[in-house]
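Now, the feature entries from TrEMBL:
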DOMAIN    1-49  domain 'F-box'
REPEAT    116-146  repeat 'WD'
REPEAT    181-209  repeat 'WD'
REPEAT    212-246  repeat 'WD'
Amino acid sequence: MNCSDLPLELIDEILKHLDAISVAKSRQVCRTWLALHAQPKYKLLWRQACVRDIGYDVLTEITGDNQIFSDDNLGHSGATGKDGGQKNCNIDWKAIYQRWFRSRHIGKWPCMITELEGHSGQVLDVKLSGDRVVTCGVDGDICIWDGWTGCCLMVLKGHLDSVTSISLRQTPGLWKKPLDTPPHDLLASGSRDCSVKIWNLKEPSSVAMATCLGHNGPVNCVSFGDNSFLASASEDCSVRIWRISTDNCSCYYILSNLGDWVEQTRLWGADTLLYVTVNGKLALWSIADSQMLSSIRIRASNPSLPRVHGAVLRGQKVLVLTALNGLFAWECKLNDNIVHNFPVIGPCSTGVARGTCLTMHGAIVAVGTSSTGTVYVYHLNGKWENQFTKIHCVLQVNKSAVNAISIDDDGQGPCLAAGGDDGIVKVYRWFPPSV
């Protein structure tokens with residue numbers, strides 16, 4: 001019997017038991033199978049692959065939507081109700097899976113490196129947005145670059161002091177839109193001039209869309225969460241949550257008198273807030289319930305050094321990079337805190353040189369260093385414990401400190417951007433095989 005003559009019921013059963021790579025290859029079996037892949041119910045095979053291989057928290061991070069499974073459960077069945085099935089068919093699950101899968105090839109396939117030169121001082125933060133790169137630094141400028149050519153497309157001026165942090169808001173409903181839709185629509189920037197500014201990326205302008213005023217000290221960090229909310233952390237010992245509308249921002253919530261400067265903050269959805277103080281306190285806060293969920297303090301082997309250099313929030317789990325004590329994984333559970341401390345293994349016996357910045361994307365974690373200008377990339381496979389004993393790849397970015405790293409996917413493959421004290425940003429692009 002020719003494969004194209006198989007009953008559809010049997011083809012359904014065959015495809016249902018294939019892993020993602022085999023599903024992709026099944027398009028090549030014959031023209032009949034290729035045509036089946038265009039049908040809505042077969043597109044849901046990629047939804048099953050996402051749920052099975054990626055996990056809820058990573059999917060939420062990639063899509064920017066913590067309600068992506070709100071209309072039906074997370075089972076492996078392809079059957080859904082009319083509304084739920086239609087909603088899930090409109091989501092490009094294959095593109096989501098590809099983005100996650102490709103990141104695993106960082107450092108393992110041909111790479112192109114682009115240098116971005118234009119800042120007149122240290123680069124303090126960097127973010128990737130498709131084929132664009134956004135950077136900021138001590139010169140007070142925010143630069144938008146073409147990541148392929150290295151050309152500066154626009155310089156956003158408006159802050160009166162160093163721009164310390166930037167954050168990008170993912171375009172709402174991105175995974176239901178055409179593939180050429182820009183991945184981000186808003187840019188937020190925090191500065192030592194005590195202000196937070198919002199910039200429109202859909203219609204770029206050198207004038208900020210809105211300015212959020214209220215902090216009495218330098219702003220150290222800004223972070224988008226839910227589509228409507230932005231968090232900012234300041235040296236005035238407070239964290240503010242801003243509600244972002246079409247053309248303005250308003251203060252929605254304030255956490256004040258936190259006892260010390262707040263170095264970093266992260267939002268998960270519209271409710272869970274992480275903040276990190278300069279003295280090493282980490283706290284998770286429920287905005288909806290106006291109460292602290294849990295807190296811990298990271299002990300430093302050298303009290304004169306800043307204790308935490310980077311933090312990542314994923315659901316109820318936090319990964320933090322400390323100055324001399326490696327990485328801490330903190331899992332907040334009901335009436336319980338689970339904390340793991342593990343060294344970050346580098347190329348020498350003493351481990352990684354002093355870490356300065358941290359980022360996470362899918363199953364990839366990258367750590368920047370201070371003295372060697374090196375970025376170490378690690379691939380997490382399962383639980384975070386014991387995952388930092390082997391380096392996935394090493395990137396020699398420059399000879400000075402690396403202050404910021406960002407990992408994303410430009411639609412063709414994974415990218416990593418890193419900037420530091422020399423004012424230069426390097427963009428690495430890999431070209432893995434397609435799924």
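Note that Cβ sites are derived from N, Cα and C of the backbone, with glycine treated the same way.
As the structure is a computational prediction, the values presented were derived from the model and not from experiment.
With DSSP classes pooled into helix, strand and coil, the tally for the repeat 'WD' (181-209) is 0 helix, 13 strand, 16 coil. The list of residues near the repeat 'WD' (212-246) in space but at least 6 beyond its ends in sequence, with Cβ under 8 angstroms from a Cβ of it, reads 64, 66, 161, 164-170, 172, 186, 188-198, 252-270, 273, 275-276, 287. Counting same-chain residues at least six beyond the ends of the repeat 'WD' (181-209), those with a Cβ under 8 angstroms from any Cβ of the stretch are 129-130, 134, 136, 140, 142, 144, 153-172, 174, 215-222, 224, 230, 232, 234, 236, 242, 244, 247, 249, 408. The helix, strand and coil residue counts that DSSP assigns across the repeat 'WD' (116-146) are 0 helix, 20 strand, 11 coil. Mean per-residue pLDDT, taken over the domain 'F-box' (1-49), amounts to 72. As a summary of secondary structure, the repeat 'WD' (212-246) carries 0 helix, 19 strand, 16 coil according to DSSP.
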